[in-house]
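If you look up TrEMBL, you'll see 1-119 marked as domain 'Calponin-homology (CH)'. Annotated domain 'DH' per TrEMBL: 198-292, in sequence order. Residues or ranges marked as domain 'PH' in TrEMBL: 321-423. The annotation domain 'Phorbol-ester/DAG-type' is assigned in TrEMBL to 434-483. Per TrEMBL, domain 'SH3' is recorded for 486-552, 641-701. For 528-622, the entry in TrEMBL reads domain 'SH2'.
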Amino acid sequence: MEYWRQCSLWLINCKVLPANHRVTWESAQVFDLAQTLRDGVLLCHLLNNLRPQSINLKEINLRPQMSQFLCLKNIRTFLAACSELFGMKKSELFEAFDLFDVRDFGKVSTIFCHVCCSENGLEDEEDLYDCVYDDEDGGEIYEDLMKTEAIPPPYLSIYDIIKLPFKVLDTVVRIMQAPWLPLSTSCCMCLIRPRLLIYGKYCSHVETAIASLDDICKDREDIRMKLEECSKRANHGKFTLRDLLVVPMQRVLKYHLLLQELVKHTQDATEKSNLRTALDAMKDLAQYVNEVKRDNETLREIDQYQKSIENLNQPLSNYGRPKGDGEVRVASVDKRAKQDRHIFLFDAAVIVCKRRGDNYEMKEVIDLHLFKITNNPTSDKENRKWSYGFYLTHNQGQSGFEFFFKTKELKKKWLDQFGMAISNIRPENATNNSHEFNMHTFERITSCNSCHMLLRGIFNQGYLCSKCGLGAHKECLGRFGSCGKTGLPKMLVIRNYFGVPSPASGPALSIQTGDIIELICADLHSPWWQGKILTTKEVGFFPSDAVKPCPCVSSLSLLITYSMAHRYNNDVKHIKILTKEDCFYIAENKKFRSIFELIEYYKHHSLREGFRSLDTTLKFPYQEPENAAMHRLNRSVFTPKVIGVAIARYDFSSRDTRELSLQEGDVVKIYTKSGANGWWRGEVNGRVGWFPSTYVEEGEE
């Protein structure tokens, strides 16, 4: 048996990999094992299985995903533990980049021999990739605590958490015992939901609380003994304080499961409808709790970035959520010289750094509000390392940047992530019906003004219209009517002005022909007006004769934005693809939600539906994607097993390339339910990704 396959089996025996992992398949290669280990998470898990608590899980990131920085940090934590706890010499260890770049995996695999010799017994551990909320072991604790006997609150600081479920239970019992009351169970749950939001903060810090408790018990034997005494007195030692800290988190995430059962067993149509409303409210609460926890994890990641970047004098959280980081080569369009750099991509900015050992020196912050992405397909033809690139082009024609990547696959990943970042700060429907929605951090818990569901998380939870003050989810931006406030007048610049002559009333605003300016102060009898350039947000004074009223653009002129070239009978036809109400079509009687769906449909149906002279289907693409046949083969071989089917109850717009956008009514194939923080993985119309489980309703299997 090949050595790497022996390593795979050993990792399975160590409870690090599941028995059916893809590295055990006949088609698997050593690269598959390397890819599985390259984020460092499973290596740290391995050491903890061999020697419990050899690595503090607070020191590693369990979901580093596209972050080179976090993957390398995990690998270095593993290497440090191998040296300090397992007595390995530096010469026996590999470099972190050996594993991350998969460039000397032989040396990586030999390290298993050394740690194997130091094996100190295995203990079953929870799957680090699994969701802590799905842990069934807490069911017994939960049932035990749901007894109706009163218990005194042990700590004043969590008194509100303790008394909430008993208030819910008490209210439901009173309703059942007094049927003349006008309230129903469903109304009770809807009314109490705002008070349950306190669980969000609790759940986001429960892991830290448990870790702190472990540290205290480790350092203070007197406290540990007292806690054991309290446990024996309270429940005969059945549950420790550590066990009980998890219970509130388990409880709040089971409310919607309880309501699901009530919906199934309720016959009355009115009450069933009311229970569905309550179910939606509790699902929304569960998703809010999960997203608060997720955002706290994200902020901890951002804090790690912040501490590792020198010369950075502003909080990285101001730039939104991280999209990934890694090594690139950067060239400014005017200088053309390529420089090795490490970039950190956020929703609103790219932090360009120079790597210095394990730390980074900030060289430039690129504000993505000012740029757009332009692909450079010619670079793909060079077929050599660091030749695959795309441009960041400045919206006003100023100097831009070109980014180069080691492989075509890396370029595609980064292109998608940049596209998603810009989509988050400049979403498609942000200016519909005269609104001006911008990504916003809501200081208070807020609901969307369209769907009335919570804006989830603790920063950049949604979008705020700067004119009328409405808040919304990304997926809800196109659903509002006309903005309640028309905003300030917009002017079109008709001649350049660069500050000469200078205005007497304030700083000059440099403007160029074609700029759109929002007026702040304009006196018809004054030669100087004050305004703001919409693209750059710069404010200042400019000559009043350098602008004219901004012309209105008919919405009809925006309908035709795509076309499809088609060869038929040796003649090339250009077919206009129209868009209307977020649908694409070439004939009014058949509309599609994406161009991909339109193309797929006309591969099997004649174009004659829209054009009588074109009695043909779309047969052969002009340029099929490279390795398309191999991709189809891989898809047939590696498509995961469908474990269920669900229907999307709400729209969901992805914020990340790993997420799956949903539209109400979509049929979702479910691949796994083991994602963290209430996320499932599935497929819709050929698209695969993660989505919030509370947005779908699972069908009967």
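Placed from the backbone N, Cα and C atoms, the Cβ positions cover glycine too.
At the 8 Å Cβ threshold, with sequence separation of at least 6, the domain 'Calponin-homology (CH)' (1-119) comes into contact with the domain 'PH' (321-423) through 3 or more pairs.
Counting C-beta pairs under 8 angstroms (sequence separation of 6 or more), the domain 'SH3' (486-552) reaches the domain 'PH' (321-423) with 3 or more such pairs. Over the domain 'SH2' (528-622) the predicted model carries a mean pLDDT of 70. Note on the domain 'Calponin-homology (CH)' (1-119): DSSP counts are 74 helix, 1 strand, 44 coil. In the domain 'SH3' (641-701), the DSSP tally of helix, strand and coil residues is 6 helix, 29 strand, 26 coil.
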